[in-house]
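Database features, via Swiss-Prot:
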TRANSMEM  38-58  transmembrane segment
TRANSMEM  75-95  transmembrane segment
TRANSMEM  117-137  transmembrane segment
TRANSMEM  154-174  transmembrane segment
TRANSMEM  192-212  transmembrane segment
TRANSMEM  217-237  transmembrane segment
TRANSMEM  266-286  transmembrane segment
TRANSMEM  350-370  transmembrane segment
TRANSMEM  379-399  transmembrane segment
TRANSMEM  431-451  transmembrane segment
TRANSMEM  453-473  transmembrane segment
TRANSMEM  609-629  transmembrane segment
Amino acid sequence: MSDPNVTATIMNAQGECSSGSLESRPGILGWLDANFEKPFLVAGMLAIIFIITFQTLYRYIGVYLHEGAAAAVWTEEMARFIFIWISYLAVPVAIKNRSSIRVDIIFDRLPVRFQNISWIIVDVCFLTLAATVLWQSLDLIKMQLTYPQTSPALQLPYYIPYLVLPVSFGLMAVRLLQDLAGQVRICGAADTVIGLILCAVLAAPLFIADYIDPLPVLFGYFALFLVVGVPIAIGLGLAALATIVAAGSLPIDYVAQIAFTSIDSFPIMAIPFFIAAGVFMGAGGLSRRLLNLADEMLGALPGGMALATIGTCMFFAAISGSGPATVAAIGSLTIPAMVERGYCKYFSAAIVAAAGAIGVMIPPSNPFVVYGVSAQASIGKLFMGGIVPGLLTGLALMAYSYWYSKKRGWKGEVRDRNLKTFMHAVWEAKWALMVPVIVLGGIYGGIMTPTEAAALAAFYGLIIGCFVHRELSCGSFYDCVVEAAGTSAMVIVLMSMATIFGNIMTIEEVPTTIAQAMLGLTTDKIAILLMINVLLLIIGTFMEALAAIVILTPILLPIVLKVGVDPVHFGIIMVVNLAIGFVTPPVGVNLFVASGVANAKIEQLSKVVLPLIALMLAVLLITTYVPAIPMFFAG
């Protein structure tokens, strides 16, 4: 449920409830207010793509330029530091646009007045975290200046990369104050005071009681923040901060330390690269060429356009690695075309929404990257393990579409189809067809790591879109890079805050306690996996998949390991299960994206998608209880 690239409930508030930032200003001040962070994001994103692409190519080209194996030792470290900078610098942009991964199932049902009061609470809570990390990070930098440390490769003083924390959280505070000022004007004095009083009530227990058991604080505050509408990442960070204040089990500057070190990781960098690759290739015309090829192959059959749509979604999944990105890129092309050929618009939107969920199963997949990092499992094996469930889901959706279309009399398009037209479509789509070869071939051929393959895919998409197809203009290119940076930042910050939350859970032995409780009920593997699947299906209906993975992996993984489940197999189960949440009412993000493209009512669309969800559940059961099938390629 995450993202044009990553969001389960990416909330982009509109109308009366959204005019948070200050009014537009003319001239240079207005431009700075709207765009201050964006040039840094564009420069940083392009820099890390080029640096890691250079690292990958130089490793092999350098062999011929110099004797022996060649390696550019500085590239990875420099790319990691730039990656951390752009991840946090993108958050102020998200604040200004009010785009975040959040649970809004309760928020959306509130009257407008209470929604506006809720925004006051959200801004104050977020501002509290930003100000705290800003203050803590200044202490960290002071310590680095007093006791200098340098990075291994670049010999860079660590206070320089650590500067990202005061700079970015300072900018967040500025953007939040802008948003809060605008929200105060909307709410008026009385409702603003109500919001501030509610914030004080939220914080009061931490300062009134001498000691509070940390577990109720951790989970109680997190639940409260979700209900209020605080973004999930910020809720995790605030709940962790509240627990530190209440229990005193960790130093107060712990949050700032982990905010940096938790994402100082090369494998995590695959996420922005895969997102950028999907954005570049979608805007660069590759999705349209893939659809033409799929239509050439399947368009003559009953329900041919629906079959072509599913096939295109499956292949585009190997480019974008994202469900909503696939729905947005493919749905904007196929839903109008299906309606034009006589298909019901609700069926058209449902097919695209369900097929878009395959995007997180077929590699590359951002959820697999997140799980691999969280569980310390092989990302390469996870990628391979997602292939069979993704193909089974696609084939099941195709079979249903064929049967339903035949029943409704939706025939294929009648036109000349022969070897010449097929080869022409293949030739037109050749650059898109090369992407899985580059990514998967590079990984499983031992040529590149998943992160390097992702960087090369982003570089490839950029070159094809700008110079081969020439559909990425300067303006659209700039917007694409900003979009990719912003989307990936929401995921990265979520992982950062979830690491803090998870570390406190580990200190308080929460995973061990839950594992003992569940295993006390039964040690039967079938029953344990059934309970976990039901839990994930419930959570997937209201929480974004990536958030669920980073929160639940530390809790559930010890349980399945105790009953003998392979961690790679469990990762596949988890991702296939949470993929169903992309299309599960009431908050499946694929449904919302598809309904927006089709101009279809979400209530009616939710009914039409139910048979497709049933098919996806059948694939989940096969994936869970016949491990040889998903593990066929994963070994």
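Just so you know, glycine gets a Cβ as well, placed from its N, Cα and C.
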Are there three or more C-beta pairs under 8 angstroms joining the transmembrane segment (38-58) and the transmembrane segment (266-286), sequence spacing 6 or more? yes
Under 8 Å Cβ-Cβ from the transmembrane segment (117-137), and at least six residues away from its ends along the same chain, one finds 13, 17, 20, 95, 107, 110, 162, 165-166, 169-170, 172-173, 176-177, 179-180, 183-184, 187, 191-192, 194-196, 198-199, 202, 225, 228-231, 234, 237-238, 241, 252-253, 255-257, 259
Which residues, given as numbers and ranges, are at least 6 beyond the ends of the transmembrane segment (192-212) yet have a Cβ under 8 Å from it? 117-118, 120-121, 124-125, 183-184, 221, 224, 242, 245-247
Feature contact check the transmembrane segment (75-95) with the transmembrane segment (453-473), CB under 8 Å, 3 or more pairs: no
State the residues, same chain only, that lie 6 or more residues beyond the ends of the transmembrane segment (154-174) and have a CB under 8 A from a CB inside it; answer 'none' if no residue qualifies. 36-37, 74, 77-78, 81, 84-85, 88-89, 91-92, 95, 126-127, 130-131, 133-134, 136-138, 140-141, 144-145, 148, 256, 259-260
Tell me whether the transmembrane segment (609-629) sits in contact with the transmembrane segment (350-370), defined here as at least 3 Cβ pairs under 8 Å among residues 6 or more apart in sequence. yes
